[in-house]
Amino acid sequence: MEILGVSPDCLTLPIVLKACARLQAVEKGKKIHSDIQKTPQLAQDVRVRTALIDFYSKCGLLEEARNVFEETLNRDIVSFNAMICGYVGNSRHEEAIELFLLMQQRENLKPSSVTLVGLLSACSELWELRLGQEIHCYCLRNRLFDVDPHLGTALIGFYSRFDMRIASLVFDSMTVKNIVTWNSMISGYFNVGDKSEALRFFSGMLVDGINPGFVTILVAIKSCMDFGYLEFGRQMHQLAIKYGFSSDLFIVSALINMYGKNESLESSCQLFKTISTRDVVLWNSMLSAYKDCGSHDGLFTLFRRMRLEGVREDSTTVAIVLLACSELANNLGTGKGLHAHVIKSGIEMDASLKNALLSMYAQLNCVESAEKKFHEMKYPDILSWNTLILVLARKKVMARLFGLFKRMQQSNFKPNSFTMVAILALCEDKESLSIGRSIHGYVIRDSLEINSSLCTALTTMYINCGDEVTARNLFENYPNRDLISWNALITSYVESNRPDEALSLFHQMITEVEPNSVSIINVLSSCAHLSSLPQSRCIHAYAIRREFALGSNISLGNALITTYARCGSISNSENVFRSLKRRDVISWNAMIAGYGMHGFAEKALLAFSQMQELGLSPNNVTFVSVLSACSHAGLIDKGWHLFRSMTGDYNITPEVVHYACMVDLLGRGGHLDKAKDFIDSMPIEPDASVWRALLGACRVLSETKLAREVFIKLVELEPMNVGNYILLSNIYAAAGLREEVRKLRADLKKKGLTKDPGNSWIVVRSQVHSFTAGDRSHPQSTKIYKKLSCLTASIMETGYFPDQRWVLQDLKDEEKVQNLLSHSEKLAIAFGLLNMSAGVPILITKNLRVCGDCHTFSKHVSKSVGREIILRDTSRFHHFVNGVCSCKDYW
C-alpha cells in the first residue's frame, strides 16, 4: 500500500498497529504514529488512537501510551480499556485502579466486561479483596455474567487467590462455561495444593463434554505428581496421546516428572527413550525422576551420558545432581567436584544453584563450607538465610545460630515463619522446652504469620519437649489445620513411642480430612509397635476402600509387609508382597527381615537369592537382615560367606551394624574367642552395639568371665545404660552367682538407675490389655491367676519345673517360684486362653527379652492346650507350636 501510494484509513491502521504489537516492531509502530500525526483526521480518530495506546502498552512503553491517551479527545470506554489493560499487562496494577476511578468520576463511563476483567486481575495481584467483591456485586446487579463467560472466569481467578470455596460457588452459578473457565478452576485448586480437587474438576470437565486443551492436560499431569496418583497419571498420559499432545516437550517433561514422583522409574525411562530430540529441560526431568526414585547410581550414569552426547548442562541440571549428592553420606567428594566444574565451566550461578550448593554442604554436615558459601553470596535470599539457620540449629551451634539470626533481623530479609520452623529444630527434648517457648514468644511479639508449617513445627516441638497440653491446644485451636498438620502430630506420637495416642488421633483425623499414604504408613507403624494384628487389618482394609492403589503404591505396600511381620503374621506379609505390581529393594528387605525375625532363615536366604535373580542388587540394609537371619539360625558358614561377599561381590563397605551381626553370629554359635578376635581386628572402632552382641552371646553360653570384661567396655561407652547391667545380672543369676547379682543391683542403686519393669500386652478385639509381673489390677485378675494355676499344675505333670535361676531378687525358694509364675508374659497367656476363640493363635508382645523360664513355660503350654503361642520380645518372634519353638531354643 505504501509503495503504491495508497493512504491507510481508520480501519487499516488499527490492524497494522496490532501486527506491530504482536511482532514487537517498535520502530515501525513509531513511524506509523509519526505519519498519522501528519493527517489531522486520522490523528483525532478515537479508534486509531486506541490502537496506538494498545500498541505502546503491549510493547512496554507505558509513558508513550499514557501520552496518547491524555491527548485523545472524546475518549470512550474502549480507550480506557486499552489503557487499563496496558497497566495490568505491565504489572502496574495501582495505576490501573486509579485510572478506573478517574473514568467513573470524570468521564462518567460505565465499565464493560473488558474493564472488569482487567480490574479483577489487578485486584488479584494487589490482594484487594474488598474492591474485587464490589466488582462482583456490580456484575450481579447488572446481570453481566449471563452476557460474558470471560467475566465469570476472571472472577474465579480472583477468588482463587483468597478462597477456593468461593471460586467454586462462582463456578457453580455460571450458566455458560468454556474451557478457560474449567482451566481456571483446575489451576486454582492446583495452585493452592489441593491436587485431588483439581483432578475432580478435570474429570467433571470431561463428563461435561469439553475436550481438554494443552494447558488443561499439563496442569492435570502436574496434579498427579503427588505420590499415590500414578493411575490417574497414566490416564492423563493416554489423554495426552488421544488429543495429540504426546510429542510436546512440555507435556513429555511433565509426564517424566510425574512418573518419577510416583516411583515409576521404568515408565519415565521408557518415555524418555521415545523422544529423539531432547533438550536440556527433558534431560533435567529424567535426572529428577532418578533422584525422586532414589536411584542415585542411575542419576550419575545419566548425567555422564548427557555430557557425552554433547548436551550442555545448565544451572538446573547441576542443582539436581547436587541435591542427589546431598542425599548420600559418602558423596561429598562428588559434590565438591561438581562445584569445581561449575566454577571452571562458567555456568551461571543463579540463586537456585547457589542455594543447591549451600544445601548440599548443609545436608552433608559441612557446616564450615556451608557458612563459607553463604558468606560468598552477594545477595543471599530468604531461602539462603533459612537453609544456614536450619543447619546451625541441627548441629546445635547456638552462638553462631543466634548471631546469624541477629544479622538476618538487620538485613533486608526479616525472619519469616520458615525461619522459625528452622530454629525450632533446636528443640528435641525436655531440656530445650524453655528455648522453644522463647521462639513461640518471639513469633507472637513480632506478629509473624502462624501458617500451617509453623503451627505444625510448634506443635511438634511441644510434644517432643514433653508439654502435650500446649501442643494439643495449639493444634485444636488452629483453624486451618491441614493434612500435613495431622500427619506431623501423628508422627510425633509415633516417634515418642506413644502408639495408642497416634491411633486415637488417626481415628479423629479421618472425620476431618482425607488421609494420604503418609498418614496410613505412620499409623501402621503404631499398629506394628503394639503388635495389633486386628488394627493392622482394619487400616489395610480402610486403605483399600479409600483406593490408595496398593498395587502401585510401593511405599505403602512395603509398610504393610513390615507391619504384618511385626504383628506376628508372616503369611499376611507374604500375601501383600505377592500382590505388589512392582517390588523394589525395600520390598525384598522387608520380606527378608520378616523371615529373619520369625526364625525362618531358609526362607530369608531363598528371598535373598530370588531378589538377585530378578536383577536387584542388595544394599547395606539387605545384608543386615540376612546376616541377622543367619545369626538367629546358627548358620555360621553361610553368614561368613555373605559377609565376605559384601566387599568382594557387591562393593559394599561393612558398617558397624554388620560387624555387630557377625559378632552375634559367632558368639551365639559358641565361638566366643573368634568373636572377640573379630572385634579386635575390626577396621573401624567398635561401638556399644558390637560389645553388647558379644555380651548377649555370653548370656547364651553362660560365660561369666568374658562377660565381665565386655561389661567394663560397655560401661565406658554407655555409663548410664541400665540394659547392660540387667544383661550381666541375668548372666550371673543363671550361673548362680547371687553375690555378683547383689553387687550389680547395689551399683545400679548408687548410680540412680532403674530398670524398666517387664511389661507384656495382648490385643483382643482391638483392645490392648497390658500386664506387669505380679499384676492384679486387671478386672479379670482372679480368673487369670486361677487359669495360670491350673496351667502350671497341668504342665508340671509333663516335665515343666520353674527355673529359679531367672529370679534376680534375694527371695526364699517358695517366693522365687511365686515370682516366676506371675511373670507378665504368663499372665498374658492365661488371659488370652480365657478370652480368645479356640484355634486362634495367641500373640503376646514383651518390652524386654523373654526369660528362659517363660520360654520353657510357653513351650509346655502350647503342647498341653494344643494352641499356637506367638511371643514377640525385643530380639525376635517365638512361635510355640506343640512344645517346640521356632527359634530352636537359640535366642
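Just so you know, glycine gets a Cβ as well, placed from its N, Cα and C.
Whatever TrEMBL says is automated annotation, not expert-curated.
Now, the feature entries from TrEMBL:
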- 799-891: domain 'DYW' (DOMAIN)
- 76-111: repeat 'PPR' (REPEAT)
- 178-212: repeat 'PPR' (REPEAT)
- 279-313: repeat 'PPR' (REPEAT)
- 381-415: repeat 'PPR' (REPEAT)
- 482-512: repeat 'PPR' (REPEAT)
- 584-618: repeat 'PPR' (REPEAT)
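Cβ atoms under 8 Å from those of the repeat 'PPR' (178-212) belong to residues 149-150, 152-153, 156-157, 160, 164, 167-168, 171, 219-220, 222-226, 229, 232, 239, 243, 514 of the same chain, restricted to positions at least 6 beyond its ends.
Beyond the ends of the repeat 'PPR' (279-313), by six or more residues, the same chain brings 249, 252-254, 256-257, 259-261, 263, 265, 268-269, 272, 320-321, 323-324, 327-328, 331, 334, 347 to within a C-beta distance below 8 angstroms of the stretch. Per DSSP, the repeat 'PPR' (279-313) is made up of 26 helix, 0 strand, 9 coil. DSSP places the residues of the repeat 'PPR' (381-415) in helix, strand and coil in these numbers: 26 helix, 0 strand, 9 coil. This prediction places the mean pLDDT of the repeat 'PPR' (279-313) at 87. Residues in the repeat 'PPR' (76-111) partition by DSSP class (helix H, G, I; strand E, B; coil) as 28 helix, 0 strand, 8 coil.
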